[in-house]
Structures are given as C-alpha cells and as structure tokens.
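Note sheet for the following structure.
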Amino acid sequence: MAEHESLEFGKADFVLLDNVSLEEFMANLKLRFEKGRIYSYIGEVVVSVNPYRAMNIYGRDTVEQYKGRELYERPPHLFAIADAAYKAMKRRNKDTCIVISGESGAGKTEASKYIMQYIAAITNPNQRAEVERVKNMLLKSNCVLEAFGNAKTNRNDNSSRFGKYMDINFDFKGDPIGGHINNYLLEKCVDVLLPQLLRGAPESLLRSLHIQKDPTAYNYIKVGGQIKSCINDGAEFKAVADAMKVIGFTGDEIQTVYKILATILLLGNLTFGVDGDVTLIESTKLVSVIRELLSTKEENVEKALLYRTVATGRDVIEKQHTAQEAGYGRDALAKAMYERLFCWIVGRINDVIEVKNYDARVHGKNTVIGVLDIYGFEIFQNNSFEQFCINYCNEKLQQLFIQLVLKQEQEEYQREGIPWKHIDYFNNQIIVDLVEQQHKGIFSVLDEACMNVGKVTDEVFLQGLNVKLAKHAHYTSRKLSPTDKSLEFDRDFRIRHYAGDVVYSVVGFIDKNKDTLFQDFKRLLYNSSNPVLKAMWPEGKLSITEVTKRPLTAATLFKNSMISLVENLACKEPYYVRCIKPNDVKSPLLFEQERCRHQVEYLGLLENVRVRRAGFAYRQTYPRFLQRYKMISEFTWPNHDLPSDRDAVKRLVQGCGFDHDVAFGKTKVFIRTPRTLFSLEEQRADMVQRIVLFLQKVWRGTLAKMRYRRMRAALVILRAYRRYKVRSYIREVNRRFKNVRSMKDYGRHVKWPTPPKVLRKFEEALRSIHNRWWAWTLIKGLSPEEALQVRAKVAGLEALKGQRSDLGLQRAWEGNYLVSVTRVPSTYNLELQRKDKFMRVLFSCNVRKINRFHKAEDRAVLITDRHLYKMDPLKQYKAMKSIPLYNVTGMSVSPGKDQLVVFHTKDSRDLVVCLQGMVPANENRIGELVGALLSHSKSEKRKLQVNVASPIQCSMNGRKCTIVVEPKINQSQPDFTKSRSGYILAVPGN
C-alpha cells in the first residue's frame, strides 16, 4: 500500500476500492486528477492521466525517493514501475518489459521518455565513459524517433504515428550497454516533421532546399501547419539536428534527410493537366527542383510521374497515366519516401546502439528491459485500415495482458499454497482469431482480394467478408443486418471488440494493403547519384522484366510483427502503464467523464481490477507486513519472540479480529477485502502517533543527557585548564620574582607575565602587594624625618597627580623655608612653641597676601601641627594672627605653574596667598605645601579637601569672590589686584 497519501486524495490503488464498479472507479480517478495525483495503481499496473501541464515530480530528488524502493513504499509514480522492472531484471537476472498504451494524446510518449530518463539516472554509479556514451545514445535516439515519427495534430502536439518497442541491454552489473528498436505500422502520413522543418530551420538551409517558411504554401501540410502549438519549433529542430550528430549521422546523411523532406513537400504541390489525350505536369519548374534534390535527371523524374512501364513477357511497354492516376502515383511516392526514410533512420540508430562484441562467457549474462510505446484503442468518426490494425494490436496485447495477469496470480497462489478458484473474464481470443485466422480471418480475406486478377475493389473485399463471417457473433455488416441504419451498404462493417463496437469503412483497405508504389519510382530513386538515397531503395536495381516474388501485404507484415511482438513480450516479466486522456482541449483542469469512461472501458482497467480482486485484494511478505504493522500488537512490538514471522503475523491478525478475512501462504499473508487493510492502516496510524511521541520524548531526553555530559566534560576540561593556567602563571611569577630581595631595585625592572583572564584581579592585587612590599622595603631604612617627607610627597601626588605639572617630587622638601632658606632666626619658633605647644613645623614660606582692606602686602606663613600663622617680615617675622588647623576645611590651588593657594576656613574668612621668595626663583612649592598639610590631616584622621580649579572661588570676610590668574608680559613678580568679581593674580608672562 502506497505510503504518504491520505484518503483525501482518493484510493492510491484501485484494487482497494470498497465496491468494484465503473462508477466508483471513475469517481476515484476524477478525485485523484483534481487533487493533482496523476498516477494510480491497479496492483502493479500504473494508471497515468495526462495532466496537460508541467509537474515538478521528475527531478533528481524524486529519482532518489524511488530508487531501490518497493512498489508500495512510495506514492504511485512512473519511477516506481521503472524501478520495479529494473530490480526484477538485476536481482533475478530476468528479462522484463514495460508496456505503455493509451490513445493519442494520453501521454504515452512522455511516459516512455520519463522511464528512459529514470533508468539512465539510476545506472552507472561509477560513471564509466562507455556506459555514459550508450545512455546518451539511447536518450538521443528517442529524441530523433519522436521528431520523425510523431506529428502535430488537433488532438496532440506530439502524436505518435508509429508503435515503438525498444530493448535496452544491460551487463551483469546492471549498466546499459546497448539496445535495439522495432517500429510497427508507421502510418504513411507526410505531415510529421515537415511543419517543424519549415518553422525551425534557418533561412539559409531553406533557400538551399528551394522551400519557404510558410507551411500553408504546401498542400500536404496546409491544415497541420495552421495548428497552434506550445512547442518551440526552432529549439526542437536544433535539438533534433544535434541529436542526429551525437548518434553518428554524417553531414551528408543529415543533408539527404532534409532533401527528402523538401522533395515530399514539393511533390504535394505538383499538379497534372490534360492536353487532348496527353497528361502533362502543369508546374514544370518544380520538376527541375525535385530533380536537383534527388540528384537524378529531370526527364527521368517527369517520365516516372507520367508513365508506368509494364513488362508483358519479353516485351516492355510504357503506359501513360491519366491525371487522376498520376496524382495517385505522386501521393504514393511521397508516402513511400517518408516511410522508407523513417525505416532507414531506425536502421541507422540500431547500427549505432546495438550491442557489439559481447561474449556472455566473458562478460556475463546480457539481460534486457523492453519499453513498448504503442498506440491505444482508437474509435473515430471514420475508421479505416490504420484504425483496424491498431485495434487488432490492442486486442492482441489485451489478450496477453489478461493471460499474464491471470498466470501471475495463479502461479503466486500455487507457490503460496492458497486454493485457486476460476475467474470469469472476457476472453478476446475469439476476436483475435476473427482477424488473423488462416483462410477465415479478415486479414486472409483482404489478402485474397488483393491477389485476385482483374479489377479488385473494396466492395469485393466486403462481399468476401460477408460470405466467410456471416455467422460470426462479433462481425456484422448492413447486408447481414439490413435494419441497422448505422451501417452503409457496400461500405461499412462492425466488429464487437472487447472495448466496444467499432464501425470500419472498407474504403482504401485494398490500396493500403497492397504495395502500390510503381517500380518506375523505385528505379528512379535507386539510380540517384546520392549514395544515401540510393541505399534506401535497393529493389530499384531489378530489371523490369525480372520476375520477383510477390511482396507481402501490409496486413500480413503487421500481423507477423504483432505475433512476433507478443511472443517477445510473453517471455519477459511484464509491467504496464495505462495512459488516459482527460479531455480533448488539452486543459489541465477539465475531466470529461464520458471521454475518460470510454478509455477506462477499452483499456480494460475495470477487468484488471476484477481479476486482481477475484481472490485477495492485498498480499505481502511476512517480514514486510510485520515491519509495517508490528506496532499494533503487544506480541510483535518491538520484536516478537515467536518461532517464525508467519506465527507472529497470525498472532497479530488474530488479535485484531481479522483472521476470518485473511489467508496465510508460505511466504505471504493474503487479505481478502480492502476494509480490513484500511482498518489495519487506521490502527497503525494511531499507534505511529503514540510511538512518535514516545520516541520524541526519549530522543529529547537523550539529547538533554548528551548535552549535559558534553557540558560537564567541557566544565571538567575548563577547570583543569584553568588550574593549569593558574599554576603556570604562579610558577612563572615565582620564577621571575624569586630573587627580588637581592636585586638593586628590588624587582622594579622585572616584567610581569600576562595573567589568564580568571587571574586578572588577582594579578592587580599581587601587583599592589608587591608595590607595597617594594615601598615598605625602601622606606623601612629611612629616618623619621625622611619618612615624614615621603608620606607628604605621596599625599601631594595623590591629590594633585595629573592636575598640576610640577609637584617638586624630585627635590628634597625642606618644609621650614623661613629658617633653612631665608635664614630667619629660629628664636621666633621657640617663643611660639612655648606659647602654643606645637610639636613641629609643617611648612613656612614668604607670601604675597590680600589683607582685609583688599590690599596686597608681603607676609609669611608658618604652618605647625596646630596652627597656621601669618607673620610680618618687616617686624622680624612677628606672628600677627593664627588660625587653628582644625578650622581649616580645605585648600584650593590653580592648575597652572603659579604659586596661588587659598586656605578655606569654617568662618568663611579664607586666606588668599601667593608663595614667593623661592630660591631658586622657579621652584614650585605648592605640591610640598599640599602634601605636608594632607599628610598631617591623615595622621590626625581629619579630612582636608583639596581643589584644583581656575578660577578659584573663595569667601573673604563672608563675601563670595573669584580669584583669576592672568599672565602678564611686563610683570616681574606675582601680585594681586582688585576686580569687579574678586581679585586678579598677575603673574609673569614668561
């Protein structure tokens, strides 16, 4: 049963219909067509409905879906039947064939093309050059045969006018090594490639052939040339020309083909007139062109068209044609030339693709897949000799089809030990005998009529039929049924075929059966100087007086070819494709019920379903049945422990309650009704859903566990790697800093190794520890005074780093510059020390300050660990006023090189000074002052705010003011001046 198709698309296999009736069959066929499912099964037969549109179901992806699969595993498709035939050939070393049948326009040619393409796609996996060449030849030969054997008609853009059987030979590895083509009853029409030649050929070629592009200018193709088509004639013509070159046609051979086609076109435009008793060719210019194309003499062409040479004993006479006889001879010549051309092309292709130098003892057995693309049953308004032969062919094939299907069924039942019961079916052997039986059959009567001496007419042939077949149940005519007005007297006869009654007109039967081409035409073409054309007509070398054996008639030739074909097919394992044409207007949407019903009847599809359903509708091997349905039963899921698969299937079927509808063969289980199979499918679908959910749960759990294990493993690796990197880093640090104590700079020059990311903060801490150790190592040998100086420098650096350029860190900080630099007597220190009891002097220096009257004056400041003193240098540095240090809240300095300092106090009486009297003059003492006060404040755990700003905001006696530093070129010493907003400190510009 085909998978992946729900019942919304109908039943994929007609064998599974609930009721086998024509109505249900048609309803299912229509539903599948409307849902875009153009393929269905009848057991192992593919039913194909022409979609009349391009479908994306033949690509490489689709090929891979069907390659190596069993027939039921995928939805119905041509590829499935092609793969089944290929597997049977390769696995069982058995010759197989695929029979494609259906009426014109049903899609037979396209189906054979897709089957060939599929076989080419799945073979030669090792890309052997010779095999690829053979595959290419086979595909190209298909293209050429289509071009010369198919015609553009009102019913079909690519209507096959011949039956084609191609044998594809395979070596023991299953690769194609050659092939052979047989053709059957090429309908002698001349409208096949000619319109395509005119529309598609380049102008230069047409000029060389003396023909023009307009098809309506030629009588033979005037009607066909007006038919609209979706085929690109230019591209098609080029493709055919390229294919002929690939196959191996020489340039001269291809040119000869074009000349023959042009000759046929021009023959149709030849007209004949009468001048008294003489018949004349009215279009004499055409004779000259035809002579050139045929490479013969003009007088010979004219003579062959107007006269017939007759031998009476040893005498030879020339009999002139009437105008009517000349026209008939002209048409016979055109048709014969086209038929001979087609047969020659088939022969040339066979010469190229046939297997050569193949020795089975050396290369292994040579197996074959045959592909038969044959015309289907035809019932037209006017049915003639061609339709009679086609319908006889279908009778033969239908007989073979039913026999082989029944034989396959019976053999399978016997192999499996299932009782076989007789199946009633329509045996069309009686119709086959009606046509081909010796002495009594229609072909025999037709041949006898053709061999009669004297005037032989179609009416004489019909009279012979009426005499010999008067009592046959499947034959009648108006003479035998006088009241049947659907038949014309002396014209029509009716045969009751398996597909229905068909009325045939005997008009033309005699002429079409006889070889009516005069020997004069054969001699004309044989005597051509063109060697290719000459080789097509070997019988033209016979002398007119030479007695030859009567040639076989068309009916006998066709009967013999059909008998040979059926014998060939009977010895192969057959597969069938039945093609159906959904409508006559080539619409992809229209499904004409009556039109399709008629085809279903004459293709014998319902008969096929009944034969297949007569016993058991479905059968399958035990392992495959278990593989599909084992989840239904607890005894078989996930695997059974019973003695055999047969016992397991029995237990499964019994558990479902279907044992009354099932038979058990040796290797297969047989299910009688489709309802049982659908019930099994429903139970399977329900269980598959549960299994899928269970598998999803287990799989998701498995994925989660796998992810957890991977993450855990990654974490373990990561941790180990981290430990390794940490240890490596610590070892490296230890190696580099092992001997820092003995180094002169205590490891200051040592470069730190790059830490891993996880140790970056640790490295910062380690550097800090090292720096602290380094600093401690340096300062532990310092005196108390040196230690105080270092702390002051550190404090000044922390406060002013990056904000002032020169902090004076490189020099020694004296601190008390009034004593050490200006040589002020130290007695003033002793008096203040006794009075205020300070411990040490932090800083002292001469300054320029602003007094309370907003005037600038020279003063000195002395900062101890308790007070800030203002001193008058003019009065031997007598202390004028003191400010307790705890009252000083902060300091403000500018970012420039000036020596401006503002001491901010709690009572908003800020002290604004500019340090001066430095030796050397450019010495900067701001950093030292800030560092000394900050270091002292930290030691007393008091906060002192240091601001670096320009301008500086301050408060003078409770009034807010701004101090701005301005450089002036002519200024020799820093000095303060009053401004509107406060004060300006003018400093030297250079």
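Think of each number as a place in line: the chain as shown, counted from 1.
Note: Cβ is positioned from N, Cα and C throughout, glycine not excepted.
Automatic, uncurated: that is what TrEMBL annotation is.
Note that the structure is predicted; figures quoted are calculated from it, not measured.
Going by TrEMBL, these are the annotated features:
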- 9-685: domain 'Myosin motor' (DOMAIN)
- Gly102, Glu103, Ser104, Gly105, Ala106, Gly107, Lys108, Thr109: ATP binding site (BINDING)
- 562-584: region 'Actin-binding' (REGION)
- 802-989: domain 'TH1' (DOMAIN)
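Listed as Cβ neighbours of the region 'Actin-binding' (562-584) (distance under 8 Å, sequence separation of 6 or more from its ends, same chain) are residues 29, 33, 42, 44-50, 52, 78, 81, 84-85, 88, 94-108, 111, 115, 155, 165, 182, 184, 368, 370, 372, 376, 392-393, 396-397, 400-401, 404, 436, 590-592, 595-596, 599-600, 603, 605. Looking only at other Cβ atoms within 10 Å, the busiest spot among the binding-site residues Ser104, Thr109 turns out to be Thr109. Using a 10 Å radius centred on the Cβ of Lys108 (ATP binding site) and all shown protein chains, the other Cβ atoms total 30.
The Cβ neighbour count for Glu103 (ATP binding site), using a 10 Å radius and every protein chain shown, is 24. Summarising the environment of Gly107 (ATP binding site), the number of other Cβ atoms within 10 Å of its Cβ, over all protein chains shown, is 25. Counted within 10 Å of its Cβ, the other Cβ atoms near Gly105 (ATP binding site) come to 25, all protein chains included.
If you draw a 10 Å sphere around the CB of Ala106 (ATP binding site), it holds 25 other CB atoms from the protein chains shown. When the region 'Actin-binding' (562-584) is classified with DSSP, helix, strand and coil residues number 9 helix, 8 strand, 6 coil. Around the Cβ of Gly102 (ATP binding site), the number of neighbouring Cβ atoms within 10 Å comes to 26.
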